[in-house]
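*Asks:* What follows is a single structure, and I will ask about it in a moment.
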Ligand code: ABT
Ligand code: MG
């Protein structure tokens, strides 16, 4: 089963959107594997966004992502990497379709609410960067008769 790394950014946390965002992935049919409310160090943020090191917005990006706590998560499900990028929407919220997280809530490319891994390589790298193997919880849904 495929896994991806999703992270609600400081703007999503401060606007009180953690619950709404998690609900969307639950309602879609994906399963939560790990979750952590945490403040990123500069070093971790620079490693996570290392592919953008040479871009002009890199400094601002690292400033923003370390400006307050984030909610880091691992989600599992069929085609979860691609599907979660669809639920998240285009990088620039102005261009993101209504119905997507960025399309519904965002206006600024530098504050676009949530990060999602863009490939299976990124997903493995990012899951390992943010979570230890003990923090990844696999379980069976055994309470179907009650819920
Ligand atoms: P992430 O999920 O945060 O990686 O965003 P996404 O993959 O949709 O877009 P990319 B290209 O990876 O952007 C990374 C972060 O850089 C910000 N950014 C991007 C800018 O501020 N200006 C730009 O011109 C571009 C291309 C948006 C992303 N994050 N934030 N916050
Ligand atoms: Mg990206």
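Cβ from N, Cα, C; glycine included.
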*Asks:* For the ATP site that TrEMBL lists with 9, 57, 91, 102, 112, give the additional residue from the candidates 3, 85.
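*Replies:* My reading of TrEMBL gives 85 as the candidate in that site.
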*Asks:* Quick check on the recorded positions 91, 122: which one has the highest count of other Cβ atoms within 10 Å of its Cβ?
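*Replies:* Counting every other Cβ within 10 Å of each candidate, the maximum falls on 122.
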*Asks:* Counting by DSSP secondary structure, give me helix, strand and coil numbers for the domain 'Nucleoside diphosphate kinase-like' (1-138).
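*Replies:* Output for the domain 'Nucleoside diphosphate kinase-like' (1-138) reads 62 helix, 28 strand, 48 coil.
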*Asks:* Which has the fewest other CB atoms in a 10 Å radius around its CB: 9, 85, 102, the listed binding-site residues?
*Replies:* 85
*Asks:* List the residues of the same chain that sit at least 6 positions away from residue 112 (ATP binding site) in sequence and have their Cβ under 8 Å from its Cβ, in sequence order, or write 'none'.
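*Replies:* Within the chain, residue 112 (ATP binding site) has Cβ neighbours under 8 Å at 9, 11, 91, 92, 93, 102, 106.
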*Asks:* Relative to the Cβ position of residue 115 (active site, pros-phosphohistidine intermediate), how many further Cβ atoms are located within 10 Å?
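*Replies:* Result for residue 115 (active site, pros-phosphohistidine intermediate): 19 neighbouring Cβ atoms inside 10 Å.
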